[in-house]
Amino acid sequence: MTTNYIFVTGGVVSSLGKGIAAASLAAILEARGLNVTIMKLDPYINVDPGTMSPIQHGEVFVTEDGAETDLDLGHYERFIRTKMTRRNNFTTGRIYSDVLRKERRGDYLGATVQVIPHITNAIKERVLAGGEGHDVVLVEIGGTVGDIESLPFLEAIRQMAVEIGREHTLFMHLTLVPYMAAAGEVKTKPTQHSVKELLSIGIQPDILICRSDRAVPANERAKIALFCNVPEKAVISLKDVDSIYKIPGLLKSQGLDDYICKRFSLTCPEANLAEWEQVIYEEANPAGEVTIGMVGKYIELPDAYKSVIEALKHGGLKNRVTVNIKLIDSQDVETRGVEILKDLDAILIPGGFGYRGVEGKIATARYARENNIPYLGICLGMQVALIEFARNVAGMENANSTEFVPDCKYPVVALITEWRDEDGNVEVRSEKSDLGGTMRLGAQQCQLDDESLVRQLYGEPTITERHRHRYEVNNMLLKPIEAAGLRVAGRSGDDQLVEIIEVPNHPWFVACQFHPEFTSTPRDGHPLFAGFVKAASEYQKRQAK
């Protein structure tokens, strides 16, 4: 089986939406029956985004096999059925780390280690390994053409096109076509210069995706085709849309998938986008709306909670309601009080790290519990709910997590010091361990209590969800908390760790240690988010009476 590669680059400016465009194209190709995957190559020197600030980089998306990756992999999984793995994302830092390790080991037999061929070869090896077993692999190169950091990646994909053959490789370039209001027309010059930059590296794009706030007229696309040496039918207009889930249909309507299949000599049926049309219909025809407050510490950059925001929207689709998300800084709860939480139909506290704003989250959990407002806590959101319950119901005054107060009297949340990794090896950690790559990561089994709400929502006794955390419920202090009325609704497969808690005498109060947002998709949704949004709708109706 021959694997075909589509290399996706971006020019003129960053944040054009390469990830969404690549994922949308992959969705169309998948709908044609092709086995598709997507890779993201990030030019930064961090080994992975695990220790990067969410305010700078956005969320860290965790794959099933426990890799901490770029948020674009979340888009990929929401658009196609293929599950991403650690093979689907790597950085300059990872490549250099691998090459330097080999050099120290003597693998290069005394050769002078250079960017070409050693770094470029390492990049090519990883791309080829990630593409094994697939009909089509889309490879997104992070950053913008012209960035010094991207050069080794661009050189590597240039070489791959020569080595694999142009009949099995395509270069797809996203570029900005700005509209100039004063002139009353779109301008193609930035695109021409961007392609010129690519040509100087030795890459002739085969497809141009023209990003604009409006449809690019046919005459302007013809002009771009002429000056950039690309067939007219391969110049695609990609205008701004009110829903990213419309993009597969937009690309298909311009024949992009037909062009690619013809170039790769692939014989496959027409794409059936009925599932995406259903998503668009549900999104455009809600029967109501709810307002959900998300209380966190990184709210100045919504991308820090990208998967949570998308999962809430998916929950809305499953209930035919529009979900309005109100982002609330947990420090504002500390300074202004819980008054700012009024007029919400439900409250969600997502994951996070560090002490800043934690007391505001604890106050938020208490407000939701005492006022019967639907509550969903994720990761840290579960831990603050547990701390709040321990303090205010179980009588454990000043209960806390050792992450925030190491010597507190009631450490109801504590560091996980030992667990097994995906290979079955025992991992041991302490407070002095490195921050990078030292968490409980990836898919883990969870056994659900038969009497629990989550058992009803999931409809099965055992589930698998993804984790990213260092701290867990302290089993030594669990009994008095359970005696006070808290239900442990889910435990790890080995019965050692608390994964889900509920407040039984509350209409809907669920908190989980894992990250359900990572497995929610627009077509399938997720049981927790669907149930949470439904609870928000029911709360709204009760309040209206």
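Cβ atoms here come from the backbone N, Cα and C positions, even for glycine.
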Among Lys40, Lys223, which residue shares the UTP site with Ser14, Lys187, Thr188, Lys189, Pro190, Thr191, Gln192 according to Swiss-Prot?
Lys223
Express the predicted model's confidence over the region 'Amidoligase domain' (1-266) as a mean pLDDT, rounded to an integer.
95
At 10 angstroms around each C-beta, which of the binding-site residues Gly19, Pro190 has the fewest other C-beta atoms nearby?
Pro190
Nearest to Thr191 (UTP binding site) by Cα distance: which of the recorded positions Ser15, Asp72, Gly381, Met382, Glu517 is it?
Ser15
When you measure from the Cβ of Thr191 (UTP binding site), how many other Cβ atoms are you left with inside 10 Å?
28
Across Gly17, Gly381, listed as binding-site residues, the smallest other-CB tally within 10 A is for Gly17
Which binding-site residues sit within 10 Å of Asp240 (ATP binding site) - Cα, from Pro190, Gln192, Leu380, Met382
none
